[in-house]
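Asks: Take a look at the following structure, please.
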Amino acid sequence: MVATIMQTTTTVLTTVAAMSTTLASNYISSQASSSTSVTTVTTIATSIRSTPSNLLFSNVAAQPKSSSASTIGLSIGLPIGIFCFGLLILLCYFYLKRNSVSISNPPMSATIPREEEYCRRTNWFSRLFWQSKCEDQNSYSNRDIEKYNDTQWTSGDNMSSKIQYKISKPIIPQHILTPKKTVKNPYAWSGKNISLDPKVNEMEEEKVVDAFLYTKPPNIVHIESSMPSYNDLPSQKTVSSKKTALKTSEKWSYESPLSRWFLRGSTYFKDYGLSKTSLKTPTGAPQLKQMKMLSRISKGYFNESDIMPDERSPILEYNNTPLDANDSVNNLGNTTPDSQITSYRNNNIDLITARPHSVIYGTTAQQTLETNFNDHHDCNKSTEKHELIIPTPSKPLKKRKKRRQSKMYQHLQHLSRSKPLPLTPNSKYNGEASVQLGKTYTVIQDYEPRLTDEIRISLGEKVKILATHTDGWCLVEKCNTQKGSIHVSVDDKRYLNEDRGIVPGDCLQEYD
């Protein structure tokens, strides 16, 4: 294919050259005569016709195939060539970079200078760029050889990694000083003239250390850890039990914020006069509180009004009424005055006598609640009495226990006056008798349920009261149901149904 392309190109160039030569000669001859120009043109046409036509057309037909093949070859080969060329550039770059790092940090030798050894070990490519540098540094190599000869290292397997330095500066001897002593005479406390020469023998050093740390430490005094006995206190001292003051107060004079934690500057010693001169607590330190045992507190130490303030409500009435002669509370030996029983008045309750819980030392009696209802015709004058009955003990009590119980009873009476118990709320009905359990009532007003536990009742229906509440709501069961009464447990989910539920008590009236 390449030979055909070359042959076609040669043929075309030859034809063009022949045509240009012929045209030039014809142009010159046309100036002389016009007749000769016609003959020249005819000759040109004849020469062109005489050219083999099959060769020209075959070359022209083969030309598109050759151009398409070259285009495909360039489109494939050009990217591959560019990629290979770039890869070659990258490899050369990394190679030069690695050599530059090794040039800046060559391996160190003990006998040969650094630059000379590196110039010897580099390859021909590196020496090509760094030859001038090695030649310039060779002049300084002779000057450095003497230094390396002076510090000749042991080469081979016996080479050591230890480096020795020659220091001409004198060594300053070490010394230990106490805070209150000077540098010139650090061991004056021992009474011996000990030198600080570093050449002192080891035996003397051991003696100095032992004396300084254990035998005679400076500014430290032995303190006895014994505490004074109870007989040494000023309040318990007698003429025969006089003793001298503690040795601690004569020797110790150090003050610190932590002294009170070690019983050195605390107020404990000050209270009993054990430390009046030397034991001093800093003024800025907080004072410790005096400790007093509960068994030694006098009766008037606490103020009763401060411990138990009056918490009575100002809106309540307080009228002291005497007790009846036959009251069961008076059976306790008449230890409680009548004025300590408090009564309260309310619109619905004529008189409620509140008494404290029965408290007998070591036992708790059963508490009962008595409620008296009058006839429903006189419901406006009903009286409710709540009494807490305190039974007498079965066994006779000792005098001390009786006295203790009387004091406790008085204390409870005081509490009952200062902190009265709340009253039980009472339901109100508009002049009607209270609802009684187990009786049948008539519905006088329709009611539609609003909650899940309520039922619908209509005017004229008969219901039976099962339970009542202080707010006026009642649990009822319809009596005129066709299904009859269903006995279901209270814990069962079917206990509340369409015929058994909650209704307001105002919608009910007693059935005659």
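First residue shown is number 1, and so on along the chain.
Cβ from N, Cα, C; glycine included.
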Asks: Would you mind telling me which one of T51, T424 Swiss-Prot calls phosphothreonine?
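Replies: Of the listed residues, Swiss-Prot records phosphothreonine for T424.
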Asks: If Swiss-Prot marks one of S53, S190, S225 as phosphoserine, which residue does it mark?
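Replies: Record lookup, Swiss-Prot, feature phosphoserine, residue S190.
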Asks: May I ask you to name which of T178, T336 Swiss-Prot has annotated as phosphothreonine?
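Replies: Swiss-Prot records phosphothreonine at T178.
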